Protein chains: 2
Amino acid sequence: MATGRTHRPATRSRGIPEATVARLPLYLRALTALSERSVPTVSSEELAAAAGVNSAKLRKDFSYLGSYGTRGVGYDVEYLVYQISRELGLTQDWPVVIVGIGNLGAALANYGGFASRGFRVAALIDADPAMAGKPVAGIPVQHTDDLERIIQDNGVSIGVIATPAGAAQPVCDRLVAAGVTSILNFAPTVLSVPDGVDVRKVDLSIELQILAFHEQRKAGEESGADAAVPAATARKASAEQGPDGDVPAVMPA
Amino acid sequence: MATGRTHRPATRSRGIPEATVARLPLYLRALTALSERSVPTVSSEELAAAAGVNSAKLRKDFSYLGSYGTRGVGYDVEYLVYQISRELGLTQDWPVVIVGIGNLGAALANYGGFASRGFRVAALIDADPAMAGKPVAGIPVQHTDDLERIIQDNGVSIGVIATPAGAAQPVCDRLVAAGVTSILNFAPTVLSVPDGVDVRKVDLSIELQILAFHEQRKAGEESGADAAVPAATARKASAEQGPDGDVPAVMPA
DNA sequence: CCATCTTTGTGCACGCGTTCACAAAGACAT
DNA sequence: ATGTCTTTGTGAACGCGTGCACAAAGATGG
């Protein structure tokens, strides 16, 4: 979700729920694979399996786009690829800038899946003067000083931030001031942006911590593993009590 | 969420909702920053602002961990850092392997935030024999052939996949067979895993597509921009009706 | 010791997302 | 044309997550 102060219903304006939008790229990827194998039609069941979701959910998702299926047969692959692409706005060209060309920024610039669907790396920007002019992934790195001009000259509306945490908010502010309205943030910081600007974040460290949590749970329960009700197995010390705890917590000094 | 066939309630076993778990790392980061500035206590309001969330949500989140606050004062920063760290399992050491040392894999290996909290890059693995032995981020790359041995020797339970899409599922299968039970997937593929294995995916291309969707919406509505209720502007054909729809959908040909 | 003021913890209501289950729609065979 | 069979599209129920609003708890001052 957007990080700033977005208590708005977000996407309801056009009826497509946010959760559905987030899955469309998944469907698109599966459909593209089918298309390359020249498969003419798919059932919701097959496509759902390929996309890793429930078939009912997939059908409901598609129902928000309109009735593109044929009962008794399934969905026309090519047609659906087109419809989803159009819905996602991938039929047009999206120039993107990447700010912060360190390890990660360079990896992103080289990432193939970037250019694939309508996205084009229009410029690479870094604050280090030593980087200026040096080509990364065939694109010369430009200095931060020219950020505003680069954004405007290329009509960029999507920016990718791959700077260190400390630089992220200032860079973000400049991007927004220059006209960027969508930001993909790889820096481990909460960005605050004005209304109307979308921010999505990709945070490696957070993902790992979430995995660690589940990993710890699995390790702590051993034995019962996948069984139905692990119930109250002996737990480690951890201010633990009954499931519906109301026991006063022991405050430390 | 996990990608395989996980229709399970997931995390309810121990009472902490998944959504809350996903925010704990955010709180932890904000708290760590406060701790470094030697701030002794924070109110839910302040901390919520720092983490970019609603204060009521934050309080409810913390309530799942226990009653760690003091009314009229707020939360003890150090204590809370410790509690969340422990809850997330960050007080122990998590050896991690990265499979696929291309641009992205190398960037991940060099990523500082990796080693920061309990996570340690135990090994780098790549299928290219030419890479074998070459040090990346100070760690020698090992060949895929030794994958199983490496996992077992190091007691690795978390694996990071940064291979090309085609190699991801086979690598995943081998990781799981060798004992890995949590996977962070950067490859643009849906991984299927057995029950009990958690998969989280980070997909650059999907994030961009979601941004493009919103970007397109913004561009399509121009004028009204941020206004309150765009209401029923002229819509394209798309079985659209009132907000609380029960109107029979108009089927197109 | 009592009054006041701050901030937590949570009961409650609401809305979104998921899933079930089934009627409607079309393909296909006879 | 009619019947059967497959698969879609969706109404309805349910559960989770969010946010409001307030009572309880404790700090602080007189």
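Each residue, glycine too, has its Cβ placed from N, Cα and C.
Please treat TrEMBL annotations as automatic predictions, because they have not gone through curation.
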Checklist line | Residues flagged as DNA-binding region in TrEMBL, choosing from A:26-65, A:146-185 | finding: A:26-65
Margin query: Among all protein chains shown, how many Cβ atoms are found within 10 Å of the Cβ of A:Asn103 (NAD(+) binding site), not counting that one?
Written below: 19
Next item on the list: Using DSSP reduced to three states, classify A:Leu104 (NAD(+) binding site) as helix, strand or coil.
Entry: helix
Check: How many other Cβ atoms are found within 10 Å of the Cβ atom of A:Gly100 (NAD(+) binding site), counting all protein chains shown?
Finding: 25
Note to self: Among A:Gly102, A:Gly105, the binding-site residues in question, whose Cβ has the most other Cβ atoms within 10 Å in this structure?
What the structure shows: A:Gly105
